[in-house]
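K.L.:
Summarising the annotation, Swiss-Prot assigns ATP binding site to 73, 74, 75, 76, 77, 78, 79, 80. Residues or ranges marked as compositional bias 'Basic and acidic residues' by Swiss-Prot: 1-20. Look at Swiss-Prot and you will find 429-457 tagged as compositional bias 'Low complexity'. Under the heading domain 'Helicase ATP-binding', Swiss-Prot lists 60-230, citing sequence analysis as support. Taken from Swiss-Prot, the feature domain 'Helicase C-terminal' covers 240-400, and the record attributes it to sequence analysis. The region 'Disordered' annotation in Swiss-Prot covers 1-23, 429-484. Per Swiss-Prot, the feature motif 'Q motif' maps to 29-57. Per Swiss-Prot, the feature motif 'DEAD box' maps to 178-181.
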């Protein structure tokens with residue numbers, strides 16, 4: 001095959017950051033070895049893909065052979081492309097029917113997945129639609145009057161459209177479930193079972209997840225036909241993520257967070273809380289400290305969540321405070337620090353949270369703020385995951401989580417895939433102060449107490465633009481904040 005077509009491609013700058021064996025331990029295959037159509041290869045290379053990761057090497061040829069797959073691989077190792085690439089190869093652009101259904105548990109993940117489909121398939125003439133709850137149903141119905149080849153969505157909305165006979169799944173030969181453990185939890189299992197009744201009986205099923213509880217195995221026995229099982233989980237946590245804990249009292253957490261902001265070299269950070277109320281209040285307090293931040297949780301309107309997710313992906317703000325809404329599958333490669341302001345209750349939640357950093361074999365840092373009540377949970381999670389969470393040192397080696405060349409971090413494509421839905425609101429939501437994080441911060445232990453940002457002779461690190469640049473929550477919204 002002539003290689004002249006490659007020279008005409010608009011290939012992005014090479015990502016020169018170091019990677020771990022999570023994505024480098026391959027068999028040496030190339031994407032051309034899978035005999036993909038040239039239009040698809042063009043999209044793959046223009047997206048910055050160079051060689052398939054281990055999960056892609058294993059899954060793509062088996063999926064193209066039209067076998068059912070049950071695949072288990074770590075977060076951030078290329079699972080999405082492992083099912084999107086064969087989907088785009090299997091779908092026939094000239095057949096104006098829904099030929100592939102990709103199911104995901106959250107609206108943000110649906111947006112992200114549909115964007116991957118569009119990015120990799122931009123030369124293939126394949127139409128992708130994303131549909132989720134919280135958006136205008138009429139817009140989705142109107143969109144389905146036009147050709148749709150790949151439908152990406154959350155279970156509730158997909159079932160609604162199929163039940164109304166608006167989404168015709170009778171010729172949908174490929175069914176994909178990402179985050180299968182969550183999709184088959186009590187929240188979604190009955191919906192998924194109902195959706196399957198609208199698909200052809202001989203459809204192909206691809207299930208991907210980082211964990212496989214009993215519910216997934218039961219589903220496999222009932223619905224999959226002699227599935228090919230892939231298990232790349234020699235260990236649960238990503239090799240590139242360094243994990244620490246800081247033992248602090250509840251009232252010290254905010255002070256400790258401020259210390260971390262002044263001490264760490266953060267490209268982008270995600271901070272997790274255990275409740276929506278604490279998400280909003282923490283975002284307000286971070287803004288009061290002079291740092292820009294966004295927040296996101298399930299109670300927000302969908303258009304507001306979309307705006308936050310889109311702008312954080314584009315790097316317009318460096319800090320995002322959120323609930324577990326964004327623990328599933330969200331891929332923002334610029335995130336190099338994850339902070340558990342509230343320590344999670346389960347090992348599964350912990351695994352998905354810290355997996356937002358260290359994406360695709362790169363380096364990341366996870367810091368857990370724990371109090372006296374969290375100590376047993378910390379030990380339990382260490383045992384279940386077979387990992388070690390060390391006490392935070394006085395100085396953290398930057399080589400553990402900072403890329404030498406930050407310009408190499410890829411910028412995601414804009415999330416413009418919610419066709420027919422209303423555009424995101426222009427203003428950020430105003431936090432409703434309904435809970436308290438504790439009293440005024442007290443001095444924290446000496447081993448993790450550098451000078452506070454406002455006490456230093458030099459200004460805060462450049463990676464934290466001040467609020468005056470109108471990034472994050474507009475300061476005028478807090479003109480008369482409640483007293484704490």
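Keep in mind that glycine also has a Cβ here, set from the backbone N, Cα and C atoms.
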K.L.:
When DSSP is mapped onto helix/strand/coil, what comes out for residue 73 (ATP binding site)?
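P.N.:
SS state of residue 73 (ATP binding site) = coil.
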K.L.:
Looking only at Cβ atoms, how many others are within 10 Å of the one on residue 78 (ATP binding site)?
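P.N.:
A 10 Å sphere around the Cβ of residue 78 (ATP binding site) contains 23 other Cβ atoms.
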K.L.:
Per DSSP, how many helix, strand and coil residues does the motif 'DEAD box' (178-181) have?
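P.N.:
With helix first, then strand, then coil, the motif 'DEAD box' (178-181) has 2 helix, 0 strand, 2 coil.
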K.L.:
Which secondary structure state does DSSP assign to residue 80 (ATP binding site), in the simple three-class scheme?
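P.N.:
Note: residue 80 (ATP binding site) is helical by DSSP.
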K.L.:
Where does the mean pLDDT land for the domain 'Helicase C-terminal' (240-400)?
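P.N.:
Taking every residue in the domain 'Helicase C-terminal' (240-400) and averaging pLDDT yields 87.
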